[in-house]
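These come from TrEMBL:
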- 370-383: compositional bias 'Basic and acidic residues' (COMPBIAS)
- 392-401: compositional bias 'Basic residues' (COMPBIAS)
- 1-29: domain 'DEAD-box RNA helicase Q' (DOMAIN)
- 32-207: domain 'Helicase ATP-binding' (DOMAIN)
- 218-380: domain 'Helicase C-terminal' (DOMAIN)
- 370-443: region 'Disordered' (REGION)
- 1-29: motif 'Q motif' (MOTIF)
Amino acid sequence: MTFAKLGLIEPLLRALEHLKYTTPTPVQAAAIPAVLAGRDLMAAAQTGTGKTAGFALPLLQRLVMEGEKVASNSVRALVLVPTRELAEQVHANIVEYAEHLPLRTYAVYGGVSINPQMMKLRKGIDLLVATPGRLLDLFRQNAVKFNQLQALVLDEADRMLDLGFAEELRSIYAALPVTRQTLLFSATFSDEIRLMARQMLDDPLSVEVSPRNVAASSVKQWVVPVDKKRKPELFMHLLRKQRWKQVLVFAKTRNGVDALVERLQAQGVNADGIHGDRPQATRQRALDSFKAREIQILVATDVAARGLDIDDLPLVVNFDLPIVAEDYIHRIGRTGRAGNTGEAISLVCADEVNMLSAIEMLTRKTLPRHEEPDFVPEHRVPETDASGQVVKKPKKPKKPKQGSGKGSLGRWTDSGDTPAAAPQVKPVRKVPTFNTGPRKRKP
Ligand code: AMP
């Protein structure tokens, strides 16, 4: 299969040749002809599989072939993404694909001054990449109009449709023309999201190029059980022992990010952090330096979990497991991209056992455990497996004192500590499906 056979025009083929994209990825092979034909689309694909080109190439082609001139402050195609970094990245890809096309493209997102964005929009934009909050601000200030809009893309659609963005999305939908092409791209789709998506799309083609909710097989995953308070020490130990090179580390909270960065810097490690409390310019600078390999370790909240494309990143470390199991797939999808292999190591403490179990159930994979000799936890992490079961080993019962009323119910054999009728294993608990409840908007 070639891009030419998919029906792409020569200026796009030239750009792809320059980028050394020789063969379409499966999601591209499925999506490009459908989008060119004007179909609505709902596409599930693993992270790093080329989704961006899957929607951007055919949309750019449609925009240029239809040739309509974009009016002042108008937009002809809109790509909504969940994070500012992703907006920058998707737009950077689009600029490369559109190199030989007479189209104007741009990206708008929050955390930076709105005025230059308003100025830029004045001339009209053929394809705009946006985060929902800033787009609404611009719309409310009449800086952007949708009457020429012909296509809407929701990238990382599950998060976009998630409750954290529901209100902004509803307001944006209300402002869009009813007749339009809508494309949903995401690595993971929960059933609720599928239902909502069906309500938004018109006779969509469903493209599923990978099994649902499965982490990329190119990523070798394992878990190190550890006591919570010893995680920083274990991290430093592994960093030195395994001679980690470039590492993207995920921590649960903003404070957790700052604390780990401080600790690493104090020990002379070249590290920086990104999270929602840091100014956008600082976030982008840290990310750019990491991509340029000027920083060895980037510690982040889930703001960096989705969509970011870091060339040849060898290792992702989950310092804390994510609360939402799907985010695990996104986090580890930052490595093992574009045909490379990668490694994902999770430092897991006993408190996180339910999250571990939810991840294993979602990915249908029991994560192998490797104990680190000096870090074997006092609080054991109960056994888990891909069926979603957490098996809590019984505490070794104390031998009841002779004659004491409590516990001397004749359960124990005379010889001592073998429980007879006592439960061997605490009831095996089915962990509910991963949390799809409201999430924080800006991790
Ligand atoms: P994405 O999933 O869109 O973030 O893409 C992941 C990476 O794969 C990016 O670095 C793209 O530039 C690259 N890529 C996308 N499509 C192709 C292709 N057909 N051939 C080679 N590389 C590609």
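Every residue number used here counts from 1 along the chain in the order it is shown.
Quick reminder: no glycine exception, Cβ is built from N, Cα and C everywhere.
Counting only same-chain residues 6+ beyond the ends of the compositional bias 'Basic and acidic residues' (370-383), those with a CB under 8 A from a CB of the stretch are 222-228, 230, 233-234, 237-238, 348-350, 352-353, 356, 390-393. Restricting the average to the domain 'Helicase ATP-binding' (32-207) gives a pLDDT of 89. With DSSP classes pooled into helix, strand and coil, the tally for the domain 'DEAD-box RNA helicase Q' (1-29) is 14 helix, 0 strand, 15 coil.
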